[in-house]
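> First the structure, then my questions, so here it is.
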Ligand SMILES: Nc1ncnc2c1ncn2[C@@H]1O[C@H](COP(=O)(O)OP(=O)(O)OP(=O)(O)O)[C@@H](O)[C@H]1O
Ligand SMILES: [Mg+2]
């Protein structure tokens, strides 16, 4: 549970401290007052990453060189320090109680589940969004997964570079063997963990009697599959099979939600997915994650707001809204006005 966060040159905040109750905190403010930025900073303290910026230095205030996030979580102090760096090489430092940590050891101490309007992209946008979802959830609860994904991605870059050298420079193909084995070993772990998560999600009940499910579209990696694509891979200078090509399809009563679902049904599909994520993280971690809800109530109808509020009440939740009336109907919540 997070009790306090101190932001220094983080996005629009020069120097600001926010405190959070162990139940629900509602951050209220007009558009562009910094509500999403506060949630992003909490997310960064949890994962070491942004849920929004593709480049982490975007989180540094326009007029500053260094951004700091310092969060008090239980008895620990989690810190993220970002710099623009020299010659366009930005740096990131992660610290727990003042001691520098690698990402694998930093993420997973403080667990959050974030849900905002951009999550609709999970249904409608490219497979990389859906792989990102799987990685984010599994990384929160499984250190071995964090290690495997970093190792796989690094191996993939090396293997693609080697494929390029085989094509362009005639480098010997036998060098591929090492990378094949590394990718197969880590790839098997990633696929198994992803399958486990998708199976768990599929056991989650219907919401408001709407029956959603996920189909795992797995790109298996093995010696046989790599051998099958060997010629194409060298021609393309890129690895064509493996978890980096995974995807999943959302279904509503067996139909493809991205193609046939209404906007509202797609939104419910994402809500269903997020509730399943919450249950998964809670079960695997053995404790309740903090919920970060960015401006989602305005998009939900009455029944679905009730579904969300029922979950919110049993966990630490930090909610943003631009609607001051929203707060009036809520009892027992702390309010932060921006
Ligand atoms: N690196 C940065 N440096 C300074 N300001 C920034 C930076 N990145 C974003 N901002 C500004 O921070 C302000 C607040 O953004 P934020 O997205 O948190 O607003 P919000 O309260 O969530 O608004 P909305 O209700 O529209 O969602 C915006 O004006 C944005 O332009
Ligand atoms: Mg916002």
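Every residue gets a Cβ built from N, Cα and C, even glycine.
Automated prediction, rather than curation, is the source of TrEMBL annotations.
Per TrEMBL, the feature domain 'RecF/RecN/SMC N-terminal' maps to 1-329. The ATP binding site annotation in TrEMBL covers 29, 30, 31, 32, 33, 34, 35, 36.
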> Could you say whether, by DSSP, residue 36 (ATP binding site) belongs to a helix, a strand or a coil region?
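Looking at the DSSP assignment, residue 36 (ATP binding site) belongs to a helix.
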> Would you count the other C-beta atoms found within 10 angstroms of the C-beta of residue 31 (ATP binding site) for me?
7
> Centre the Cβ atoms of 29, 30, 31, 32, 33, 34, 35, 36, go out 8 Å, and tell me which other residues of that chain have a Cβ in range of the ATP site.
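Apart from 29, 30, 31, 32, 33, 34, 35, 36, the close residues are 37, 320, 322, 338.
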> Can you check which residue among the binding-site residues 33, 36 has the largest number of Cβ atoms within 10 Å of its own?
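That would be 36, with the highest Cβ count within 10 Å.
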> Listed binding-site residues are 30, 33, 35; which sit with C-beta under 6 angstroms of ligand 2?
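From 30, 33, 35, counting a Cβ under 6 Å from ligand 2 as near, the near ones are 35.
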> Within a 10 Å radius of its Cβ, which of these binding-site residues (29, 30, 34) has the fewest neighbouring Cβ atoms?
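Across 29, 30, 34, these binding-site residues, the one with fewest Cβ atoms within 10 Å is 30.
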> Within 10 Å of each Cβ, count the other Cβ atoms and name the one among the binding-site residues 32, 35 with the highest count.
35
